[in-house]
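Everything on this sheet refers to the single structure shown next.
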C-alpha cells in the first residue's frame, strides 16, 4: 500500500521536477540572477492564491495499474436503532463502494460494518474514504449525504462534545444552543460553510470542504465553552464578504471583524461564608476530651458490663418510645376535626328611630308657599330692580 502511494506521488511530481531541471540547465548564471530579481518583483499574493476554476485531476486506474500489495480493512460499530435503516440502504452502499473496488460487509449479529480492499483496488486513499463513510452512517448521517465523502474535494470531521461539559443539564442546553430555535442556527452555519452538520448524542458530524470543517470545529468547541454561536456566525458573514474583494484577500481582516470580550462578572459581591479572624494567642487550644474522660465524668467507667448493656437497652427503648409517640401523634392529626369559623349573626335594623314632627310641619309649610317652578324671592327682587332702572 505504501509502495503504491509512493509511486503515485512520484508520478505526480516527476513532470514538475523535470521541467525545473531543464530550466536550470538551460539558463546561464547571469540570466539566473536576473530571473530571480524579476520573480521577487512579481506580487507574492498571486503566487499564494489558487487560481479560479483550478481542480485537481482525479486518480485513475492508469496511475496505479498494478494495484495494492496488501489488504487493508476498517470496521466500526453502530447502535441498535440504526439497524433497520442500514439494512435498507446497504445495497446502495455496496454499489457506491464497488465503483472503487472496495468490499463492504454488514454484520447484524455483532452490530458492525466492515470495509476492505480487494485485488482490483487501485486508489490507496479509497479505503480511507470508505472508512469515513461507515463512520458517518453509524452517526445517523443519511446515505444521500454520507456518500458525498467519496468525492475528492470532500472531507468529514466527527467532533466529540460529550466530555467538554461536566454538568449534563448544562451540556444539553449548550447543545440545543448549537441547533437554535427550529434548527435556524445550524442552517445558518451550513449555508456559510457549505457543509452538512448532524448533531447526534455526544458527537457532531460535519461533511464538506476543508475550510468549512475548520470553521465548524471552532464554532462547536466555542459553543461548548459558553460562547454563543451567533458571534461566530456574524464573523463568518463578514469574512464571506471580504473574500469577494481581491485587494483584501492577502491583508489582515482584524480591523473588520468584531471583537467580543467575555465578561464573567459574579452577581453576588459578598461571599456566602465569611471567615472571621480569631485573636492571636500563643497558647495551644485545649486538648479535646477522650471517650474514657467522658465515661469517668459520668461514672460509666466504673460500671460493670452487664450494667452498661442494661443502660444502653434502656436508652434504646426510651428513644423507640419517643419515636412511637411522635408517629402516633402525626397519625392522629388526620382525625382531629378542623376548627369551624363562627357563624356571622345578622344585625337587626334598629326600628327605634325618633321622628321629629315639628321639623316635618315646617317643611310642609315652606313647600306650600312656593309655586312649582317659581324662582326664589331674592332673584325676583333683583329682576324688578333692573326693570325699574331701564325705565
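Each Cβ is built from the backbone N, Cα and C atoms, and glycine gets one as well.
Note that TrEMBL annotation is computational and uncurated.
Per TrEMBL, the features are:
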| type | residues | note |
| --- | --- | --- |
| COMPBIAS | 264-276 | compositional bias 'Basic residues' |
| COMPBIAS | 320-343 | compositional bias 'Basic and acidic residues' |
| COMPBIAS | 347-356 | compositional bias 'Polar residues' |
| COMPBIAS | 376-385 | compositional bias 'Basic and acidic residues' |
| DOMAIN | 153-225 | domain 'K Homology' |
| REGION | 264-295 | region 'Disordered' |
| REGION | 320-391 | region 'Disordered' |
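Each residue of the compositional bias 'Basic and acidic residues' (376-385) gets a DSSP state, and the totals for helix, strand and coil are 9 helix, 0 strand, 1 coil. Across the compositional bias 'Basic and acidic residues' (320-343), DSSP helix (H, G, I), strand (E, B) and coil residues number 16 helix, 0 strand, 8 coil. Across the domain 'K Homology' (153-225), the prediction's mean pLDDT works out to 93.
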